[in-house]
Amino acid sequence: MIIRSPEPEVKILVDRDPIKTSFEDWARPGHFSRTIAKGPDTTTWIWNLHADAHDFDSHTSDLEEISRKVFSAHFGQLSIIFLWLSGMYFHGARFSNYEAWLGDPTHIGPSAQVVWPIVGQEILNGDVGGGFRGIQITSGFFQMWRASGITNELQLYCTAIGALVFAALMLFAGWFHYHKAAPKLAWFQDVESMLNHHLAGLLGLGSLSWAGHQVHVSLPINQFLNAGVDPKEIPLPHEFILNRDLLAQLYPSFAEGATPFFTLNWSKYAEFLTFRGGLDPVTGGLWLTDIAHHHLAIAILFLIAGHMYRTNWGIGHGIKDILEAHKGPFTGQGHKGLYEILTTSWHAQLSINLAMLGSLTIIVAHHMYAMPPYPYLATDYGTQLSLFTHHMWIGGFLIVGAAAHAAIFMVRDYDPTTRYNDLLDRVLRHRDAIISHLNWVCIFLGFHSFGLYIHNDTMSALGRPQDMFSDTAIQLQPVFAQWIQNTHALAPRITAPGATTGTSLTWGGGDLVAVGGKVALLPIPLGTADFLVHHIHAFTIHVTVLILLKGVLFSRSSRLIPDKANLGFRFPCDGPGRGGTCQVSAWDHVFLGLFWMYNSISVVIFHFSWKMQSDVWGSVSDQGVVTHITGGNFAQSSITINGWLRDFLWAQASQVIQSYGSSLSAYGLFFLGAHFVWAFSLMFLFSGRGYWQELIESIVWAHNKLKVAPATQPRALSIVQGRAVGVTHYLLGGIATTWAFFLARIIAVG
């Protein structure tokens, strides 16, 4: 830490009225680009309009102006998020069975969408229990609302209106901070101040206020709900907040107020700030008192973290100093120069944030089922499957986005003349070693992981089960994973003396939590089948990384095209007369990386779906006998490719294929339609541009003959545009197919 003299007097950090508000400008499509604003000559115009509308780098090279546009766009994004949230809460208030579900969450399914009978589609309104007919939802909103203490639909209406007000406020803020008071570049680059405000404000005070809400509103209301009190009889949130005696009846230590806090007698608060671990046996969710404790602790950490960085007072950390001091014996200049990169290239900044947020999203996916946070979430199998799948897909897309923006940074913002012997330069200089080694790892993993399956298929086909890799023949137990499970299962009262239960039931220990005769969670056994599929995960993830990293490291130059940086982020080929140089741009690596990301995530969600149905989810009889949905067939069936096709894809597709005539029939139609969208993508991916240009010219000839030719000249999509349309339909078609397959299955059997 360095102590310096304080900064001079307050600096002016905004420009007043920098850009006039002009509806004429906004009404002219492509007003941000001189070329596009001229209007269309050919049909390529509409594609360029979409490609460049948000590419602020192409509108101007002024970093301050780009920063302001990004900042303003963020407010627009927040406005859309508030609008979406408002819609969710409004549906909960207007079209849902939330109050009925709250009264009996184990027998009534959540529904917040009722289909209007226009052409007979009211068949989609299935009976979700309690006499309510509607579409069963799997978003987890009901469970979240119960956890936050919402007991009636009026509260949902109020929240929906509040979200609309905030949406309007965000729209106004986006306009105000671009047209009326736009921050100067220095404000965007003041990282210490930004860290302090984001850490202490957003994360610190945000967590603290949520902890406060949980203690004063959620805990007492959930205590009543768990005890079976009718939601209409429970006092309203403001009564708990304003009347301490009400809370003191539930938690006697409340009567003492803040005295134990200031006298350091904190154990008095252990009634409602607990450290139990495990799940609440009534709801199958984490103990809400544990969650409140967690948010309070997190708030303290972030409030402290938000006071660590040096701003107007000459005390605290400076990010530049930290980065420049960060060098090891083998890393040359280390992180010197990174500060300049991250404060002048928003692509570099965004790349790191996307990589971290993507990884975090995938971690969230795993925690949502292993430590289900909300009441009655664990026994709502459709919602569990949806939340896992959703967070896995989102994480995958964010990580590919990280590679995309890293490559854009390399092409547009990287200055090789100022970088020497820092970490980035060193990585670039031995990129051949990195990529060739990574390639070797991919080949090794691919042949060995797939080879184990092929061996098993062959032995199975030849009728030699004793020679297969399985839990009953040649065992390949995941010993390291089992060791980690055991250390966590044994930790309470030994290495974690304060904890009474393990962090998650999945670690082991023999406990089972069932709610309303359904399994919420139990110890998840890992065996040979998991060992095999985990190596497929390793393989697909490493190939995705190989493609994306190669795209980044070779985005400026390669032996094939030494001057690649001059060609930009996306280009089809290195000009005429240079055969074999197509599809080498950084954009093309992102394009290919998306397909492998899709492979990776597909295997993960298939593994999860089958494993949970086979070994976790199911019913519990009065005698305590567990019957799993697929009867534990994962361990023996998933060890062959044939088993995956026969016992997972085909066997579990029966619900979606046979859904016609039932309330699940929309999933049958989506399954069909999404397959079509996916197949449509192949038309773009498997044919060349010239084919379409020739076809178009024939069609234009026919139009000319009939004198109906348009003024805008039709053109085939460029190579890059065609690939973009192809990958979009491939991914959307594939994801929607999986969605329909999963939901029809799990709603029917779960």
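Any Cβ shown, glycine's included, is placed from N, Cα and C.
Copied from Swiss-Prot, the annotated features are:
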| type | residues | note |
| --- | --- | --- |
| TRANSMEM | 70-93 | transmembrane segment |
| TRANSMEM | 156-179 | transmembrane segment |
| TRANSMEM | 195-219 | transmembrane segment |
| TRANSMEM | 291-309 | transmembrane segment |
| TRANSMEM | 346-369 | transmembrane segment |
| TRANSMEM | 385-411 | transmembrane segment |
| TRANSMEM | 433-455 | transmembrane segment |
| TRANSMEM | 531-549 | transmembrane segment |
| BINDING | Cys573, Cys582 | [4Fe-4S] cluster binding site |
| TRANSMEM | 589-610 | transmembrane segment |
| TRANSMEM | 664-686 | transmembrane segment |
| BINDING | His675 | chlorophyll a' binding site |
| BINDING | Met683, Tyr691 | chlorophyll a binding site |
| BINDING | Trp692 | phylloquinone binding site |
| TRANSMEM | 724-744 | transmembrane segment |
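This view paints the features noted in Swiss-Prot onto the structure.
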{"residue": "Cys573", "record": "[4Fe-4S] cluster binding site", "contacts (Cβ under 8 Å, 6+ apart)": "Thr581, Cys582, Gln583, Ile719"}
{"residue": "His675", "record": "chlorophyll a' binding site", "contacts (Cβ under 8 Å, 6+ apart)": "Gly733, Thr737"}
{"residue": "Met683", "record": "chlorophyll a binding site", "contacts (Cβ under 8 Å, 6+ apart)": "Gly726"}
{"residue": "Tyr691", "record": "chlorophyll a binding site", "contacts (Cβ under 8 Å, 6+ apart)": "none"}
{"residue": "Trp692", "record": "phylloquinone binding site", "contacts (Cβ under 8 Å, 6+ apart)": "Ala716, Leu717, Gly722"}
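The 10 Å shell around the Cβ of Cys582 ([4Fe-4S] cluster binding site) contains 13 further Cβ atoms across the protein chains shown. By the Cβ criterion (under 8 Å, sequence separation of 6 or more), the transmembrane segment (385-411) is not in contact with the transmembrane segment (433-455), since fewer than 3 such pairs are found.
When each of 156-179, 195-219, 291-309, 346-369, 433-455 is checked for Cβ pairs under 8 Å to the transmembrane segment (531-549), 433-455 comes out on top.
Within its own chain, the transmembrane segment (291-309) is flanked in space by residues 147, 191-193, 195-201, 203-208, 210-211, 214-215, 218-219, 272-275, 316-319, 373, which lie at least six positions past its ends and keep a Cβ under 8 Å from the stretch.
Beyond its flanks by at least six residues, the transmembrane segment (70-93) meets 54, 56, 112-113, 139, 141-142, 145, 153-154, 156-157, 159-161, 163-164, 166-168, 170-171, 173-175, 177-178, 183, 188, 346 of its own chain at Cβ-Cβ distances under 8 Å. With a threshold of 8 Å between CB atoms, the same-chain residues lying at least 6 positions outside the transmembrane segment (664-686) that come near it are 121, 123-124, 126, 135, 655-658, 717, 722-723, 725-730, 732-737, 739-741, 743-744, 747-748.
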